[in-house]
Ligand code: GLN
């Protein structure tokens, strides 16, 4: 069996950093901008950025519905920050006026956009992460938090009493940005999920 191909959504945000982090984690990732590129990958990373802008780019590029369908069919995905927002089944404070963030589903959860942002725009800290022996240094930038988790959702990390990392089957999401540090454990976890090893 050939190794799984992991794509990184390359519409906006930290695409390059996620490509590099996945390479460090042993994968051979490719950028995804178009429908035919999405069709060739077995898994997708959705970087941080601005979830409202990304939603509209996804829709305009005819990627929104194909992604929703693939996620329903068990497509592995990892979303960081704005990526977490998009992977939710429900988004609070999604924006308005035709510029709102659009949920892709993938994880049965309700996410509040810019939740920490109303308190502190950005912050970092060491947090415990399920399955890791040592804490993760988490960088939050206008980050969301998870307000409701469905029964199938595994909570992996919390910060200031809020859920900030979750997994449901092959879909992983963090409210923070591991690509901005040199720690590759979260990307390695995703590569292991994609390859059926975690
Ligand atoms: N606040 C952004 C949004 O709503 C997310 C910020 C980020 O990805 N760093 O999409």
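Just so it is clear, glycine is given a Cβ too, placed from its N, Cα and C backbone atoms.
Counting every protein chain shown, the Cβ of residue 81 (active site, nucleophile) has 29 other Cβ atoms within 10 Å. Marked as active site, nucleophile by TrEMBL: 81.
Of all Cβ atoms in the shown protein chains, 25 besides its own fall within 10 Å of the Cβ of residue 177 (active site, charge relay system). According to its DSSP assignment, residue 177 (active site, charge relay system) is coil. The active site, charge relay system annotation in TrEMBL covers 177 (among others).
The number of other Cβ atoms within 10 Å of the Cβ belonging to residue 179 (active site, charge relay system), over all protein chains shown, comes to 27. Here TrEMBL flags 179 (among others) as active site, charge relay system.
Under a cutoff of 8 A between CB atoms, and with a sequence separation of 6+ in the same chain, the neighbours of residue 141 (L-glutamine binding site) are 48, 81, 121, 122, 177. TrEMBL lists 49, 50, 51, 113, 141, 142 with the feature L-glutamine binding site.
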Specify the secondary structure state of residue 50 (L-glutamine binding site) as given by DSSP, simplified to three classes.
coil
Quick check for the class: what is the C-alpha distance, in angstrom and rounded, between residue 179 (active site, charge relay system) and residue 50 (L-glutamine binding site)?
16
Neighbourhood of residue 142 (L-glutamine binding site), C-beta criterion under 8 angstroms, separation at least six:
81, 114, 116, 117, 121, 122
